[in-house]
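Just below is one structure, and these are the notes that go with it.
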Protein chains: 2
Amino acid sequence: MTETRWLNEVTWDDQGLVPVIAQDAETGDVLMFAWMNREALSRTVESGEAVYWSRSRRKLWHKGEESGHVQKVREVRLDCDGDVVLLRIEQAGGIACHTGRRSCFFTRLHDGNQWQEVDPVLKDPKDIYS
Amino acid sequence: MTETRWLNEVTWDDQGLVPVIAQDAETGDVLMFAWMNREALSRTVESGEAVYWSRSRRKLWHKGEESGHVQKVREVRLDCDGDVVLLRIEQAGGIACHTGRRSCFFTRLHDGNQWQEVDPVLKDPKDIYS
């Protein structure tokens, strides 16, 4: 029988989800933010690759299943309230974002009143998802 | 009149909130995770210090108001869907967590089945909040 006590120690929200931050284990860059349910976290730890819960598609989502940009999990952390997960990962292809950028956080607030896209597209999404 | 178009470009959830990741601007360490409403984000940008929305206390929360551990905001970023904010900050006192640790993510999954507290308490919370 699989030991699941550690999964019970996570504080799941009223939809059975927990927010997840994916951080590059080498550089410390925050690459993306997503959600997991219990099964997603369990599969992530068993397989060693990030599996999220897609709230829009309402299904498990093995990150990189289409793009090849899988995330190898080096470390799983939990915050002080037990309700946020931090994954320290190795990002295959160096691209976490569906826009073809390294990180999803490529938009920066400029002068306190204007969002600017500041990081480059590394690969055309057409070539990623073809 | 204050320019607020940039606030409209954030995708607020059905409770008017957005998840926020606070990251140390120097080291890249992920320090904490919290939520903001529109007023919290507006005040954060105006004042240059992180102001969150406390979901449990249902009020604005100027981080560090009791502990002195304020967060000076160096950069505000938004993710590709516009629904997650990343703050790159300078953490006063080097302590972001109410437990007296540097980061809230001090608990690590060991051997895929056991949570372990791996980071030290830098200051006794009794001394922080007295």
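Cβ atoms here come from the backbone N, Cα and C positions, even for glycine.
Please treat TrEMBL annotations as automatic predictions, because they have not gone through curation.
Summarising the annotation, TrEMBL assigns Mg(2+) binding site to B:Asp79, B:Asp81, B:Asp83. DSSP gives B:Asp79 (Mg(2+) binding site) a coil state; it is part of no helix or strand.
Positions annotated as Zn(2+) binding site by TrEMBL: B:Cys80, B:Cys97, B:Cys104. A simple way to gauge crowding: the CB of B:Cys80 (Zn(2+) binding site) has 19 other CB atoms within 10 angstroms, across all the protein chains here.
Sorting the domain 'Phosphoribosyl-AMP cyclohydrolase' (B:32-106) by DSSP state (H, G, I as helix; E, B as strand; all else coil) yields 13 helix, 30 strand, 32 coil. Annotated domain 'Phosphoribosyl-AMP cyclohydrolase' per TrEMBL: B:32-106, in sequence order.
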Just to confirm: which same-chain residues, 6+ apart in sequence, have a Cβ under 8 Å from the Cβ of B:Asp81 (Mg(2+) binding site)?
B:Thr11
Sparsest-packed of the listed binding-site residues (B:Asp79, B:Asp83) - C-beta count within 10 angstroms:
B:Asp83
What same-chain residues, at least 6 away in sequence, bring their CB to under 8 Å of the CB of B:Cys97 (Zn(2+) binding site)?
B:Leu31, B:Met32, B:Ser103, B:Cys104, B:Phe106
